[in-house]
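Pulled from Swiss-Prot, these are the features on record:
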BINDING   D77, D79, D81  Mg(2+) binding site
BINDING   C78, C95, C102  Zn(2+) binding site
Amino acid sequence: MKDWLDEIHWNADGLVPAIAQDHRTGRILMMAWMNRESLALTVRENRAIYWSRSRGKLWRKGEESGHVQKVHELRLDCDADVIILQVEQLGGIACHTGRESCFYRVFEDGAWKVVDPILKDPDAIYRAGHPHE
C-alpha cells in the first residue's frame, strides 16, 4: 500500500504549497509551505503546521498570536502539487498584518488597493521583534 505522503508531488526543496481556506465562507486566508513533517503533524494534531522557509523550522500557526487554524478537511489538487486546508480560523485573523486574510489588496485601475481593514494592531498580537510589515 502506498503511503499517502508519497502521493504528493513535492517540489525540489521537498515542499508543497498549502492554501488555507475558511471552512464556512470559502474565503482564501493565506498561502504557506508544508514539508512531509509539517503535513504529517497537521494531520496528527488537527491544526495547521507549516514549514517556515525564512526561519527554516516548523511553524505552528498561532504559536505566537493565538490565531490557530483548526483543520476540518484537507484536499489535494489534480496534479497532486497543491494542498487546500479547510480551516476554522480561531480569532478571525490569519494575516500577520492583523487582517482576516493575507489577500487584502485588490487590483483596481492599475494599482493595488487595500480593501480589508486591520482587525487588530499587529503590535498587540505579536511580541517585540516579530517581522510584521
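Each residue, glycine too, has its Cβ placed from N, Cα and C.
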Check your understanding: Of all the binding-site residues given, D77, D79, D81, which has the fewest Cβ neighbours within 10 Å once its own Cβ is left out?
Key -> D79
Exercise for review: Using the centroid of the Cβ atoms of D77, D79, D81 as reference, list every other same-chain residue with Cβ within 8 Å of it (recorded Mg(2+) site), in sequence order.
Suggested key: H9, L76, C78, A80, V82
Study note, to complete from the structure: As a whole number of Å, the Cα atom of C95 (Zn(2+) binding site) is distant from the Cα atom of D79 (Mg(2+) binding site) by 27
Check your understanding: How many neighbouring Cβ atoms, not counting its own, are there within 10 Å of the Cβ of C78 (Zn(2+) binding site)?
Key -> 6
Revision key, fill the gap. Per DSSP (helix/strand/coil reduction), C95 (Zn(2+) binding site) sits in coil
Exercise for review: Sort out the sequence-distant neighbours of C102 (Zn(2+) binding site) for me: same chain, 6+ apart, CB within less than 8 Å of its CB, listed by position.
Suggested key: L29, M30, M31, A94, C95, H96
**Study point:** CB contacts for C95 (Zn(2+) binding site) [other CB atoms within 10 A, all chains]
**Key:** 22
